[in-house]
Amino acid sequence: CVLQIHPPVLEEEHKEEEEMARIDPCENHKCRRGRCKPKRKNDGLDYKCRCRTGWSGRFCDQAPTCRKEQFTEYYVENGCRSRRPIKNAICSGTCGTHCCKPRRTKQRQVRLICNDGTSYKKEIEIIRKCRCRRRCY
């Protein structure tokens, strides 16, 4: 009978195997404007990027274009019109999967004059600043 003696497994070999199993996929991530999140499934990347509000793209590298666009026009409602043109704005542009919405508004009273000669006051909302928002309602 021939006895075979195997060399003992060294602790260093175990440490290397454990380190390989614990490699952090986010260690050298490419997420520019977002956080790295490890993934369970492997599709070439072991992580995905969770972008800051407004940013988009695989690596959160597409900047939002949300901005305020000003205009001046008469406010019209039910056949009545403001005495003078009103300075207001709309929020437009991209925000990735989020929405471009007003950040700051103010209320302004406007006098409306109707075709039949009557007039009345109405409070309308004026957009002052815009921003990307996670909530789109």
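From the backbone N, Cα and C atoms, a Cβ is placed for every residue, glycine too.
The recorded disulfide partner of Cys60, taken from TrEMBL and restricted to Cys51, Cys66, is Cys51. Reviewing Cys31, Cys36, the cysteine that TrEMBL connects to Cys26 via a disulfide bond turns out to be Cys36.
Mean pLDDT of the predicted structure over the domain 'EGF-like' (22-61): 83. For the domain 'CTCK' (66-137), DSSP puts the residue distribution at 0 helix, 50 strand, 22 coil.
For Cys26 (disulfide bond), the count of additional Cβ atoms within 10 Å of its Cβ stands at 15 [all protein chains shown].
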